[in-house]
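Engineer: Encoded as structure tokens, here's the structure I'll be asking about.
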Amino acid sequence: MSTNIKKIGVLTSGGDAPGMNAAIRAVARTCAYHQIECVGIYRGYQGLIEGDFEDLSARSVRNIINRGGTFLKSARSQEFKTKEGRAKAHEQLIKNQIDALVLIGGDGTFTGGMLFNEEYNFPIIGIPGTIDNDIDGTMYTLGYDTALNTVVDAIDRIRDTASSHDRLFFIEVMGRDCGHIALNAGLGAGAEEILIPEANRGLEQLLESLERSRNTGKSSSIVVVAEGDKTGKSVFQLAEYVEENLPNYDIRVSVLGHMQRGGAPTCFDRVLASRMGVKAVESLMEGKSNYMVGMIKDEIVITPIVDAIKGKSSVDSDLMRVCEIMST
Ligand code: ATP
């Protein structure tokens, strides 16, 4: 494959996600395979502005495929949001003779990358790394599958206590704007109710449904609540409201929090990261820029970044129906 690209920089930005290390490894090894130099940029856009770089060889990324987080570290850079900050970032790239960038992150990272591309016509390509799965142009973002498995495992453990003590547990999971984690992990863990921002069921319907469950002989229940769900003001207020209205229930709340973001990536995320890393580098080599790599129907494809961040991924109505039937 002939190309004008001689040196590629790779960074991770925004919230960390399992599989980011595997993606960095894939980028570095694909570069080595095609005899392109690879540079790791520490702390996302902030490290880019400050020139915090390290050459990456095929060997320098060994023993990381199985590690959660990102060894390049991630950061949120206010400075990159300014014209001056982006000018400094561009100077660093020129000084270090870097020809193109692979950006691993979420929609904020891609928005910044797109702006940078517009201003400097600098080649960029994105790899979606976020546990929320809230990006269009891919059926799966890196880290999402791992997070689902972590959440299912946590709910299984909580269910042991719920059934031993005949309790109703409200479990809050991540998902500020979207309910993918809540819906899929809730279904996988057999939750009785799943509350997501995309479908506000209302408090009355929740009470009715919980009462019905009790009357059909359920003594314990799990309600999975996405962080951004609007049924209650918070998961604690939601629990209080139900407690006041259904005094027969013994209620507890569990907020899973950051444990959902950590841990070793699943095999699925490692394979996805490897495939996306190869596609990202080879797309840059072909002269493509301003795209995001994604997986659609088991194929690795590229989508213009602008479409990936513009269209919000939506939840599957079929899946919601399955959840409803399963909670009978
Ligand atoms: P996550 O989905 O995990 O939050 P993200 O990539 O969306 O990941 P953000 O904090 O929104 O995370 O964005 C990461 C970085 O991208 C920001 O710290 C900032 O440096 C850059 N960025 C975000 N939005 C813009 C923007 N409008 N202009 C320039 N840079 C931006």
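Cβ coordinates come from backbone N, Cα and C, glycine included.
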Engineer: Starting from the ATP binding annotation in TrEMBL that includes ARG76, SER77, GLY106, ASP107, GLY108, THR109, which of GLY15, GLY19, GLY175 is the extra site residue?
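Structural biologist: Of the residues offered, the record points to GLY15.
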Engineer: ARG25, ALA26, VAL27, ALA28, ARG29, GLY190, ALA191, GLU192, LYS218, SER219, SER220 bind ADP in TrEMBL, but which of ARG86, ARG157, ARG159, ARG261 does that record place at the same site?
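Structural biologist: Site partner of ARG25, ALA26, VAL27, ALA28, ARG29, GLY190, ALA191, GLU192, LYS218, SER219, SER220 for ADP, according to TrEMBL: ARG159.
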Engineer: Within 10 Å of the Cβ of THR130 (substrate binding site), how many other Cβ atoms are there?
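Structural biologist: Taking all protein chains shown, THR130 (substrate binding site) has 24 Cβ neighbours within 10 Å.
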Engineer: What are the other residues, in sequence order, whose C-beta lies within 8 angstroms of the center of the C-beta atoms of GLY15, ARG76, SER77, GLY106, ASP107, GLY108, THR109 at the ATP site?
Structural biologist: SER13, GLY14, GLY44, GLY105, GLY112
Engineer: DSSP three-state call for ARG252 (substrate binding site): helix, strand or coil?
Structural biologist: strand
Engineer: Using a 10 Å cut-off on Cβ-Cβ distances across all protein chains shown, tell me which of the binding-site residues (SER77, THR109, SER219) has the largest neighbour count.
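Structural biologist: Highest number of other Cβ atoms within 10 Å: THR109.
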